[in-house]
Amino acid sequence: MALHSLTLEQYFNRSHTAVPGGGPPFTTLLSHVGLVGKLLSRDLRLAGLLDVLGTSGDTNVQDEAVKKLDQIANETCVQVFQRSDVVCALASEEMEKPVIVSKPGRQAPYMVLFDPLDGSSNTDVNMPLGSIFSIVTHQPDDRPPGDRDLLQKGTDQLAAGYLLFGPSTMFVVATGKGVHGFTLDPGLGEYLLSHENMTIPTRGRIYAANEGNYQKWPEGTKRYFDHLKMDDKGTGRPYSGRYSGCLVADVHRILLNGGIYLYPAEAKKPEGKLRLLYEANPLALIVEQAGGLASTGTKRILDVQPERLHQRVPLLIGSRDDVREAEAFFAKS
Ligand code: AHG
Ligand code: MN
Ligand code: MN
């Protein structure tokens, strides 16, 4: 078979990649996430030519200014998943309340929690963007899900994925069977397997963080960042800083090349900035399955029991040795 000729659907329909709790409905769901990626990549490619840049004038439930593209991406996700026969509930960073897609009788098996557009400050400057998806199952399946059914720990996720809108559009998926990356061939309208069994190096040489927040950090956090700049680890050079303002793009770089992404707690904002259910949990599942770690600074992300849908959490994510080292510095705060 020629290189890069296996589609997303073909790949997940093969028996050895079958997901526990998966089967044909799971492949259907991945295909629908893929459709969201195709629709959004079309919108983003033309964004500078259409009236879709800038803010909408609204603020979201997180009290953040909503970009027009945040709304478009959210509506795209809702429309695609609402029409999907395999999804019974949706929760989004952009919506205060979940959408329950209830039908009489047996319920659809999956619930999807998502950040429809990640890195939305990049929309107006033609920089990378992403979308993040967490997939959990609904049980028992004989009643419609309620809001609390969506509050599942990261370890309970069936699968997670992100779309990265860069020079090419990629769909990276973690199931119980490794992490695999697919690249959209826009001419074919298909995602083709391009990165099978992705693994993250145990240590990297780059860090990604918004260091403008340095003065707000606790002492241990500041000392860790000072250490990254001093420590040559035998190579004669410090870590390189690489921060795009898009979590998906920064984590994707780290997944491929190693290193660490941090959005740590601040002295006056101990809960951090990023959202547990829409950002931290799905990316933690992907990075852990690739051999890395994700931590709040003191605890494994996937073990945090969610109490609220829009709960925030500090996030340290990336290569195993880098995350462990950061935790050790943070513990000295
Ligand atoms: P979102 O666009 O979904 O609100 O997420 C933005 C996130 C993340 O993508 C990025 O790493 C971080 O927030 C950027 O925040 P700062 O502007 O504070 O650095
Ligand atoms: Mn985001
Ligand atoms: Mn977002």
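Placement of Cβ uses the backbone N, Cα and C atoms for every residue, glycine included.
Small disclaimer: the values here were computed from a predicted structure and weren't measured.
A simple way to gauge crowding: the CB of D115 (Mg(2+) 1 binding site) has 29 other CB atoms within 10 angstroms, across all the protein chains here. For E93, D115, L117, the entry in TrEMBL reads Mg(2+) 1 binding site.
Residues or ranges marked as Mg(2+) 2 binding site by TrEMBL: D115, D118, E279. Same-chain residues at least 6 positions away in sequence with a Cβ under 8 Å from that of E279 (Mg(2+) 2 binding site) are, in sequence order, E93, D115, D118, I132, L247, L315.
When Cβ atoms from all protein chains are considered, those within 10 Å of D118 (Mg(2+) 2 binding site) total 29, not counting its own. According to TrEMBL, the feature substrate binding site maps to D118, G119, S120, S121, N210, Y243, Y261, L262, Y263, K273.
Per TrEMBL, domain 'Fructose-1-6-bisphosphatase class I N-terminal' is recorded for 25-196.
Here the domain 'Fructose-1-6-bisphosphatase class 1 C-terminal' (200-329) returns a mean pLDDT of 96 for the predicted model. Annotated domain 'Fructose-1-6-bisphosphatase class 1 C-terminal' per TrEMBL: 200-329, in sequence order.
Among the binding-site residues L117, N210, Y261, Y263, E279, the residues whose Cβ sits under 6 Å from any atom of ligand 3 are L117.
In the vicinity of ligand 1, defined as a Cβ distance under 6 Å, the following of the binding-site residues D118, N210, Y261, E279 are placed: D118, N210. With a cut-off of 6 Å between Cβ and the nearest atom of ligand 2, the binding-site residues L117, S120, Y261, Y263, E279 reduce to E279. Compute the center of the Cβ atoms of E93, D115, L117, which mark the site for Mg(2+) 1; besides them, the chain residues with Cβ within 8 Å of that center are D70, A73, N74, S92, E94, F114, P116, D118, S120, S131, I132, Y278, E279. With the fewest other Cβ atoms inside 10 Å of its Cβ, the least crowded of the binding-site residues S120, N210 in this structure is N210. Summary of the Mg(2+) 2 site environment: with the site residues D115, D118, E279 set aside, the chain residues having Cβ atoms within 8 Å of the Cβ mean position are E93, F114, L117, G119, G130, S131, I132, L247, V248, L274, R275, Y278.
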